[in-house]
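Chemist: Encoded as structure tokens, here's the structure I'll be asking about.
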Amino acid sequence: MCALSISFEERARRIHERLLEIAEKEINDEKIRSITVELLREPKITFVRVEPRISFYESPAAPKNHHSYPGGLLDHTLGVTEIAMQLIKVYRDVYGATVNKDIVVAAALLHDLFKYYQYEKDPLTGGYRPRSDWYLSHEFAMVSELYKRGAPDPLVRAIAEAHGTTPFTMVESQIVHQADSTDSQFVSKLQDVVWRACLDLELEVEGVRAIKIFHEAMKRAPIFEYAKVYYSQGRDGLREYIKKLLGLAP
């Protein structure tokens, strides 16, 4: 089925189902698997009373950096998890490393899960912004939630270390960190291509604002759909593609 024939909600639901499938099939430890599946199925903070302002499905991974589009958090979570599983194989096969796959997979799936609590809709841009009343970074929120749910210490440590803000004490957290960096940097480059095309449209079409059409465009099609057009038709071809997709063509 063509990616453009699938609605945003359906695409998000399919990615969410894939994340759950990975957790259920790839994590052998019953305790780690149970906690991970529960959090993925209902990504809710319970250690403190707080409500999100956007949905998990619509959340970007970051408002202005990598995966800063609707559904970016889901895309990023799946990307990091798939990369991390491949890195396990590389480090085992090439270097003979001993790696706890359960910890890597669970940490990859959960490392950014609570980011959607940090953001709210930006009424000026149509995108997202950090909420001003939120006091806890997403990784600390996940650490607290895991402790409350009785998660094993190695998983808590992996989440705490995976973002690179504390010293690494486990190879598992280093693998997740590397997967996180790889996915973030790669998709940022593709995202920049779409952003430049939107800037071109702002100059070309009267009344169009790049920041507003960017978020709408990213909701209409997967990022690699735009990459495919760009690599085959160039910057001008991508501009025309977005113009037609959003109904901006005269």
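From the backbone N, Cα and C atoms, a Cβ is placed for every residue, glycine too.
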Chemist: Select from 6-33, 62-89 the stretch of residues annotated by TrEMBL as coiled coil.
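Modeler: Comparing 6-33, 62-89 with TrEMBL, coiled coil matches 6-33.
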Chemist: Using a Cβ cut-off under 8 Å, which residues of the same chain at least 6 positions beyond either end of the coiled coil (6-33) come close to it?
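Modeler: Distant contacts of the coiled coil (6-33): 40-41, 56-58, 70-71, 74-75, 77-78, 81, 85, 101-103, 105-106, 109, 150-152, 155, 219-220, 222.
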